[in-house]
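A.B. asks: Sequence annotations record features per position, and here TrEMBL assigns signal peptide to 1-27. What TrEMBL lists as disulfide bond is Cys51-Cys276, Cys194-Cys242, Cys223-Cys230.
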Amino acid sequence: MKKNLLMILFIFMFLLGFWMAMSPAEANPWEEVQEPYLGVEQSIGSYANGCLSGGEALPLKGEGYQVIRPSRNRYYGHPNMIAYLSKLAKKTKGFGLDDLMIADISMPRGGNFTKGHSSHQTGLDADIWLSFAPEPLTKDSLESPTAVSMVDLQNYALKRDNWMKEHAILFQVAASEPEVARIFVHPVIKETLCEMAWEDRNWLRKVRPWWGHHYHMHVRLQCPEGSLNCISQNAPPAGDGCGAELISWRPKPVDETKSVVTTTKKKRVKIKPGQCEVVLTQ
Ligand SMILES: [Zn+2]
């Protein structure tokens, strides 16, 4: 009898150990939540350290757009973002563009992803691919679409075979909306836009150079009115941003006489605003 009990205990301990070994070390609670927090619509905290209350799902298909990789459950945003994307897609369709491919916005309650972007946390960031869908994509191609890069990264040059006038229209229409704070894109694409003759160049100020972003653009909206705990960024510097600052992104010839100093950055632990605790747990 005692032997049997010991045997059962042994099996139990074995299974417990096995289960613990198989579970991920640190599950990310923001990725576990499947539904928005049903509170007042609010973007809380900063783009790269915050959360989202009252998030709304972007319908997976709409006039002028399709949501790609829907299984990632990252198609939630502040209602301002959902309204913006719907409006943008209708406008680009009006200009004769094929469907926009909308990628990551935020998770249902925002928060940080385990891998990938550090922003997209407050429902105010969205990625739009620089490929268009002329037809409704099949379930498989929606889940694993082919990314088309606009930049020859090795040579820091535009891939002229991939770049179309439709891309320029997309940037202009997307950046011209007043609720847009910034659009991040590879510096080579910004240079391309700068070289074009535009009647109005004001919107170019919002198009900001950043690495990555050669097969997608990243739209960031202003803090919405009523989101009192939303932390905004300073406005981009005045002007169209096509001058010296943009040139400074170009690769520099390697100076071999300089010694290379490597520094290791300590990873800061970010603490979210207090309201995010409520958004996550209730
Ligand atoms: Zn992004």
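Just so it is clear, glycine is given a Cβ too, placed from its N, Cα and C backbone atoms.
Caution: TrEMBL annotation is automatic and unverified by curators.
The shown structure was predicted, so the numbers you read here are calculated from the model rather than taken from an experiment.
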A.B. asks: Taking the disulfide-bonded residues Cys51, Cys194, Cys230, Cys242, Cys276, which residues show a Cβ-atom distance to ligand 1 below 6 Å?
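C.D. replies: Qualifying residues: none.
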A.B. asks: Could you state the whole-number distance in Å separating the C-alpha atoms of Cys276 (disulfide bond) and Cys194 (disulfide bond)?
C.D. replies: 40
A.B. asks: Output the one of Cys230, Cys242 that, of all these disulfide-bonded residues, has the highest number of other Cβ atoms within 10 Å of its Cβ.
C.D. replies: Cys230
A.B. asks: Fewest neighbouring Cβ atoms within 10 Å: which of the disulfide-bonded residues Cys51, Cys194, Cys223, Cys276?
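C.D. replies: Minimum Cβ neighbour count within 10 Å, taken over the disulfide-bonded residues Cys51, Cys194, Cys223, Cys276, occurs at Cys194.
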A.B. asks: Any idea what DSSP makes of Cys230 (disulfide bond), helix, strand or coil?
C.D. replies: strand
A.B. asks: Can you tell me the CA-to-CA distance separating Cys223 (disulfide bond) and Cys242 (disulfide bond), as a whole number of Å?
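C.D. replies: Taking the Cα atoms only, Cys223 (disulfide bond) lies 26 Å from Cys242 (disulfide bond).
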